[in-house]
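The structure appears right after this line, and notes come after that.
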């Protein structure tokens with residue numbers, strides 16, 4: 001990588017409640033813990049990492065649009081419940097054409113029927129689900145490897 005790579009981690013609705021919300025489904029790790037670990041891993045690889053969480057679809061869309069202006073090279077996104085409902089998130093991700101990985105803490109395919117469909121997965125570079133918080137670390141490793149090609 002000639003310039004320092006820039007990776008944005010986007011967290012959707014209710015992920016600010018990690019650690020306390022349904023820990024049997026999502027684990028006990030907090031969002032702050034996840035972001036801290038990712039920051040350490042990114043720093044060790046000389047990668048710029050920024051994070052953003054919102055419970056509001058429009059704010060997520062605005063941040064993704066800004067990512068294009070900011071020159072972000074890769075996005076890691078856990079869209080939360082918007083995975084199953086948001087054509088608008090799909091459209092903005094397709095529109096900015098920044099490669100991205102979709103991450104889910106739980107295995108969405110083992111859950112309720114309505115959670116089994118993702119509006120994003122067919123345009124994502126990859127999907128990681130069901131591995132808990134380590135899924136974010138794997139997504140970061142994959143993003144860095146892709147950017148180093």
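Cβ from N, Cα, C; glycine included.
In three-state terms derived from DSSP, residue 26 (active site, proton acceptor) belongs to a helical segment. In sequence order, 18, 105, 106 are the residues near residue 26 (active site, proton acceptor), counting only same-chain partners six or more apart with C-beta under 8 A. The active site, proton acceptor annotation in Swiss-Prot covers 26.
The active site, proton donor annotation in Swiss-Prot covers 104, and the record cites sequence analysis as its basis. Reduced to three states, the DSSP call for residue 104 (active site, proton donor) is strand. Counting every protein chain shown, the number of other Cβ atoms lying within 10 Å of the Cβ of residue 104 (active site, proton donor) is 23.
For residue 115 (substrate binding site), the same-chain residues lying six or more positions away in sequence with a CB closer than 8 A to its CB are 83, 84, 108. DSSP gives residue 115 (substrate binding site) a helix state. According to Swiss-Prot, the feature substrate binding site maps to 78, 84, 91, 105, 106, 115, an assignment based on sequence analysis.
Around the Cβ of residue 21 (site 'Transition state stabilizer'), a 10 Å sphere holds 11 further Cβ atoms from the protein chains shown. In the three-state DSSP assignment, the secondary structure recorded for residue 21 (site 'Transition state stabilizer') is coil. The site 'Transition state stabilizer' feature in Swiss-Prot is assigned to 21; the stated evidence is sequence analysis.
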**OP:** Within 10 Å of residue 104 (active site, proton donor) by C-alpha distance: pick out those among the recorded positions 21, 78, 91, and say none if nothing qualifies.
**Re:** 78
Original post:
In whole Å, how far is residue 21 (site 'Transition state stabilizer') from residue 91 (substrate binding site) when you measure between their Cα atoms?
Top reply: 29
Original post:
What is the interatomic distance between the Cα atoms of residue 78 (substrate binding site) and residue 21 (site 'Transition state stabilizer'), given in whole Å?
Top reply: 16
Subject >> Local backbone state of residue 78 (substrate binding site), from DSSP in three classes >> reply: strand
